[in-house]
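Per Swiss-Prot, the features are as follows:
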- Cys60: active site, cysteine sulfenic acid (-SOH) intermediate (ACT_SITE)
- Cys60-Cys94: disulfide bond (DISULFID)
- 18-164: domain 'Thioredoxin' (DOMAIN)
Amino acid sequence: MTQVTFKHNPVTLVGTERKVGDKAPNFTVVNRDLEEVTLHDYDGKVRLISVVPSIDTSVCSTQTRKFNEEASNLDNTVVLTISVDLPFAQKKWCAAEGLPNAITLSDHRDLSFGEAYGVVMKELRLLARSVFVVNAAGEIVYTEVVPEGSDHPNYEAAIEAAKKA
């Protein structure tokens, strides 16, 4: 299991750790309009899943903006930003940041995504900063669980994986 810290304090990750080559497990989350969304809703597309502890912090905000800007140049690719923030907070953030088309999804109800991908920080009930790229066939082709929650992910590696997917 990947070891991570949040604000330099060790945390326990809960769920099934995912690796490159795994079939991406389905999950159910909620969009900003309180509608259920699943991974399968985006079948046939490359999915860059950007996971943030809370969208309304500086690193999470930068991560969401950067992936949405970079991926807008990629064909057949969708960026899904997932956190446990309430959908209302995600909607407010998107409006304030001028990203009305960003897809933000909330895992607040039952941590379906977090447990399926092994990124629930047990002590905090937040998701660990991470990135997963799933190709159009549903296979995980890139994973990164950022060792320290306040650090940035490797944007370039994730975008490159999405390009190759």
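Positions of Cβ are set from backbone N, Cα and C atoms, glycine also.
Note that this is a predicted model, so its numbers are computed, not measured.
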Q | Average model confidence [pLDDT] within the domain 'Thioredoxin' (18-164) | A | 95
Q) If you run through the domain 'Thioredoxin' (18-164) with DSSP, how many residues end up as helix, strand and coil? A) 45 helix, 41 strand, 61 coil
